[in-house]
Amino acid sequence: MREDMAGRLVAWLLLPVMLIVATETNDLETIEILFEKSPNSVSALWDWNYECPDEVTYTAAYKKLGAPDNESQECVTTEQCSCEIPYGLLDHSHNYTLLINATTPGGKILLYSKDFDPNCKIKPPTDVHVNTSDALVIVTFTTSKLSYIEEYNITFRRNDSKNEKSALAQSGIYIIPPNELLPEHTYCLKVNVYNKQTMELSVFSPEECFMAPARGPPDNLRMEALDSTYLLNWDWDFDRSPNPTFTVEKCHTFDSCAKIKRCENITTTQCDCSELLFIGNHILRVSVYDSHRQEKSANVIQFHPSQDTVISPPKDLKMGIKGNKLFINVSAPEGFNNSNIYHLCDWLTHLEYWTKSTQNSEVRILYQVL
């Protein structure tokens with residue numbers, strides 16, 4: 001559990017200076033100290049409200065927990081607001097105290113300390129919450145300031161099954177792909193942390209159980225993806241409810257949702273989603289507000305352009321005869337104007353030709369690299 005050491009004065013005999021309470025430098029009163037393990041050392045990192053002021057100078061030392069201050073050893077500063085202690089200098093049967101001295105340009109001396117265990121294991125994420133609303137399941141949890149070297153494994157299962165599914169998250173928010181869940185079934189979820197630097201894996205957080213949300217109208221969501229044009233369509237019974245408004249949002253598993261341009265509060269059952277990136281797995285949510293019944297509901301669909309897009313045929317075919325040879329010029333499909341499509345893989349033209357005058361003519365095939 002992280003301790004708040006703001007304003008705590010620690011007598012440090014190795015530093016023969018007068019101790020002054022930091023009243024003039026209020027912005028340095030609240031410090032956060034983190035410890036990061038690597039295969040060969042323990043590193044300490046500290047900051048004040050996510051900042052490390054350049055004008056402040058620092059020294060750091062460490063000692064066994066409860067040992068006198070004159071047994072402190074230097075923690076070698078590696079860069080601003082951090083220092084490193086090699087494992088070989090630590091007695092792993094003891095806990096330690098880190099001491100930080102910060103000197104302001106005006107000569108104020110600020111002292112901080114925090115205890116640490118050189119054998120400590122990384123902990124699972126805290127404050128894991130599952131929000132189920134509007135046809136989506138959004139998982140949020142608190143990450144540490146070391147998140148740049150961490151990955152988060154989200155494991156979930158149906159409550160009546162032991163078969164687990166896992167997903168990898170890079171941040172403290174994750175949207176479970178709707179295809180992974182059965183609506184109105186109960187699931188349980190847990191999260192753990194993998195440290196990419198030390199290759200350590202934490203234990204799992206306590207399980208959080210939830211019911212996958214129902215998917216209401218609109219119904220029959222479907223994507224017509226041709227070349228670089230993505231048209232999302234859905235069905236609505238206008239005889240039953242004549243005045244609905246629809247809003248379409250794009251969501252990603254690693255982020256929140258955002259409305260698609262020109263598809264907010266529309267009255268038609270189609271949305272042009274061509275702004276979506278070709279590379280990626282998109283979650284699209286269509287929400288409807290039925291003013292006649294004063295009801296709101298939503299449905300979702302997943303769309304993977306690089307797998308779901310249909311490439312149109314070549315847009316032009318020209319032939320010419322020179323001497324006794326037939327020359328055929330095949331232009332590229334319209335979709336090749338999108339460089340992501342063109343460079344996705346190697347493309348070949350499939351050309352069939354036969355003799356028209358004969359009913360059972362042999363069909364011959366040529367392939368040409370585009």
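For all residues, glycine too, the Cβ spot is worked out from N, Cα and C.
What TrEMBL records for 1-22 is signal peptide.
Here TrEMBL flags 122-210 as domain 'Interferon/interleukin receptor'.
TrEMBL lists 215-277 with the feature domain 'Fibronectin type-III'.
Broken down by DSSP into helix, strand and coil, the domain 'Interferon/interleukin receptor' (122-210) contains 6 helix, 48 strand, 35 coil. Across the domain 'Fibronectin type-III' (215-277), DSSP assigns 0 helix, 30 strand, 33 coil.
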